[in-house]
C-alpha cells in the first residue's frame with residue numbers, strides 16, 4: 001500500500017491520535033487511483049473516509065498531500081488534426097492546366113497578355129470543375145494570380161464586383177431565405193398537392209407547377225430541390241408506400257423523383273432569376289454583343305416552350321417509366337394534415353407574399369417605371385429586413401450567396417477582359433473559317449454549335465463552369481456565322497439549364513434527387529439522354545416558331 005501523510009490542521013473536524021493508522025477509502029460515489037509521483041490535495045477527494053491500517057503522521061507540511069509511487073504515466077498522444085486545406089490532386093490539375101497553357105507557344109494573332117489570361121482563366125475553370133476549394137476560394141486564387149503576374153491590374157481583376165448581375169443573384173438568395181424560413185414555399189406546394197394530388201399523374205403535375213411558381217423567387221435550383229421539394233416528395237412517397245431500398249421504389253418514388261428532377265431544369269430555364277448561373281449568361285451576352293437580356297425578355301421567350309416541356313415531360317416519363325401506383329389518395333390527405341398543422345398564414349408569410357408580388361411585379365413591369373432588376377431586388381430585401389422576416393445576421397450567414405457573388409464576379413471580370421484583349425474574336429474567326437468552309441446555312445451551322453455546346457456538358461459538373469468556359473466563344477462563332485446575335489444568346493442561355501438534365505451531377509438539383517436512391521444510375525443517365533432529345537425538339541422546334549413570332553429572328 002502507498003504511504004499517506006495527513007496533517008491534523010488540514011482536517012479540523014477529525015480527532016486523530018498519534019501513531020494511529022487509517023486507510024483512504026472512497027465511498028460508493030467516488031474512486032481513487034494512486035499513481036506515480038502524484039501530489040494531490042486531499043480537497044480533491046472530498047468524499048473519502050479514514051480507516052485503519054496505515055500510518056498517519058502529525059508532521060506539519062504546508063498543505064495536506066497524498067503521495068504515491070508507482071510506474072510513470074504515459075500521456076495519451078494528441079489527436080491528429082485532419083487536413084483542412086485544398087484537395088491536392090484537383091489543385092495540381094488546376095495549376096498544371098494553367099502552367100502548361102502559360103508556357104505553350106502563343107498562336108499567331110493573339111497577344112501574350114491575352115494568352116496568359118486564358119491560361120489563368122482555364123486553370124480557374126478546371127478548379128471550379130474539380131473543386132480543390134470552395135468555388136469562391138478558387139475564384140479568388142485565380143484573381144490573385146492575374147494580379148500577381150501583372151496580367152490584369154487590380155481594378156480590372158476585381159471589376160466584376162461592380163457589376164450589378166452578381167449582386168442581383170446574391171440579393172435573390174437573401175430573398176429566398178425568407179421564402180423558405182417563413183414556410184410559405186411549403187404552404188404553396190401542399191396546396192397544389194391537396195387540390196390535384198389524388199392520382200399519381202396529378203400529384204406529379206401539382207409538384208411540377210408549384211415548383212414553377214416558386215422558381216422566379218428562388219434563384220438556387222438546389223435550394224428549391226433540397227430545401228422545399230425533396231423533403232415533400234419523400235414524405236409523399238412514404239405515405240404512398242414507396243420506399244428506397246425495399247423493392248417498392250417503382251410504386252411511385254422512382255417516377256416522381258425523376259419527374260421532379262427533369263422538370264427542375266425546365267423551370268430553371270424559364271426565368272432569369274430561377275438559376276444561379278442565368279445572370280452570368282446575361283452578363284456575358286452584354287459583354288459579347290452589347291445587348292441586354294432583361295428579366296421580361298427572358299421570361300417572354302421561354303414561356304411557350306417552357307410550359308410545353310412542363311406538360312409533356314412528366315407525361316412522357318409516365319408512359320416510358322410508369323409508377324405501378326396510379327392513384328394516390330393518401331397524398332391529398334397528407335397535404336391537408338400538413339396544412340392544418342401549419343394553421344393559418346402567419347404575419348411573416350403574409351409579408352413574404354406581398355413582397356413576392358411587389359418584387360416580381362417590378363421585375364416584369366419595372367421597365368415602365370425605369371426600375372431595373374437589381375433595384376427591385378434591393379427594395380424587396382429591404383422590406384424583409386425592416387419587417388424582420390429576414391435579419392441581416394441571416395443574410396451574412398448565407399454562405400452560398402457570398403460564395404456565388406465571388407465566383408460570379410471573378411468569371412465576369414476574366415471573361416470580359418478575354419474579350420477586350422481580342423482572344424474571343426480570334427477564336428471565333430478561327431472556327432468560322434472551318435465551319436464556314438462547309439457551306440452550310442446559319443441555321444444548320446447554329447444547330448451544330450448547339451449540339452456541341454449541349455452535349456459537352458457531360459464533362460462538366462457545374463453549369464457556371466460550362467457557361468464561363470464556352471458561352472462567349474460559342475456565341476461569338478454563331479454570330480460570325482450569321483446567327484442573329486440576340487437569338488443565339490438567348491437560345492444558348494436556355495440550353496445552359498436544360499443540359500443539366502443529362503447526368504446526376506450536371507446541375508444543383510441532380511445530386512439532391514438522385515441521392516434519394518430511387519432511380520439506378522444507368523436509368524438516370526438513359527432517361528436523361530432521352531429527355532434531352534425531347535427538350536431540344538420542343539425548345540428549338542416549338543420554341544423556334546414562337547421566337548419567330550415575337551421577332552427574335
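Yeah, the Cβs are placed from backbone N, Cα and C, and that goes for glycine too.
Taken from TrEMBL, the feature transmembrane segment covers 91-110 (among others).
The transmembrane segment annotation in TrEMBL covers 117-148 (among others).
According to TrEMBL, the transmembrane segment annotation covers 154-176 (among others). Nonlocal intrachain contacts for the transmembrane segment (154-176), taken as residues 6+ away from its ends with a CB within less than 8 angstroms of a stretch CB, comprise 143, 146-147, 217-220, 223, 273, 276, 279-280, 282-283, 355, 359, 372-374, 377-378, 380-381, 384, 390, 394-395, 398, 400-402, 404-405, 408-414, 416-417.
Marked as transmembrane segment by TrEMBL: 188-209 (among others). Remote same-chain residues near the transmembrane segment (188-209) are listed as 228-229, 232-233, 236, 252, 255-256, 259-260, 263, 267, 310, 314-315, 318, 323, 325-329, 331-332, 334-336, 338-339, 342 (criterion: CB distance under 8 Å, separation of at least six residues from the stretch ends).
Per TrEMBL, transmembrane segment is recorded for 252-278 (among others). When Cβ-Cβ distances below 8 Å are used as the criterion, the transmembrane segment (252-278) is approached by residues 168-169, 172, 200, 203-204, 207-208, 211-212, 215-221, 224-225, 229, 233, 236-237, 240-244, 293-295, 298-299, 302-303, 306, 309-310, 313-314, 317-318, 321-325, 328, 363, 373, 404, 463-464, 467, 493-501, 507-510, 513-514, 516, 518-519, 523-524, 527-528, 531, 535, 539 of the same chain, each at least six residues removed from its ends.
The transmembrane segment annotation in TrEMBL covers 298-321 (among others).
For 351-368 (among others), the entry in TrEMBL reads transmembrane segment.
The transmembrane segment annotation in TrEMBL covers 374-392 (among others).
Remote same-chain residues near the transmembrane segment (399-418) are listed as 114, 117-118, 120-121, 124, 128, 134-136, 138-140, 142-143, 146, 152, 156-161, 163, 165-167, 169-170, 173-174, 220, 223, 276, 279-280, 283-284, 287, 424, 464, 468, 472 (criterion: CB distance under 8 Å, separation of at least six residues from the stretch ends). The transmembrane segment annotation in TrEMBL covers 399-418 (among others).
According to TrEMBL, the feature transmembrane segment maps to 430-455 (among others).
The transmembrane segment feature in TrEMBL is assigned to 467-495 (among others).
Positions annotated as transmembrane segment by TrEMBL: 524-547 (among others).
Packing against the transmembrane segment (467-495) from elsewhere in the chain are residues 121-122, 125, 128, 269, 277-278, 280-282, 284-285, 287-289, 291, 293, 297-298, 301-302, 305, 411, 415, 418-419, 424-425, 427-429, 431-432, 435-436, 441-442, 445-446, 449-450, 452-454, 456, 460, 539-540, 543, 547, 552-553: each is 6 or more residues past its ends and has a CB under 8 Å from a CB in it.
The transmembrane segment (298-321) is in contact with the transmembrane segment (524-547), judged by 3+ CB-CB distances under 8 Å for residue pairs 6 or more apart in sequence. Only residues 6 or more beyond the boundaries of the transmembrane segment (430-455), in the same chain, are considered here, and those with a CB under 8 A from a CB of the stretch are 470, 473-474, 477-478, 480-483, 488, 491-492, 495, 498-499, 502, 532, 536, 540.
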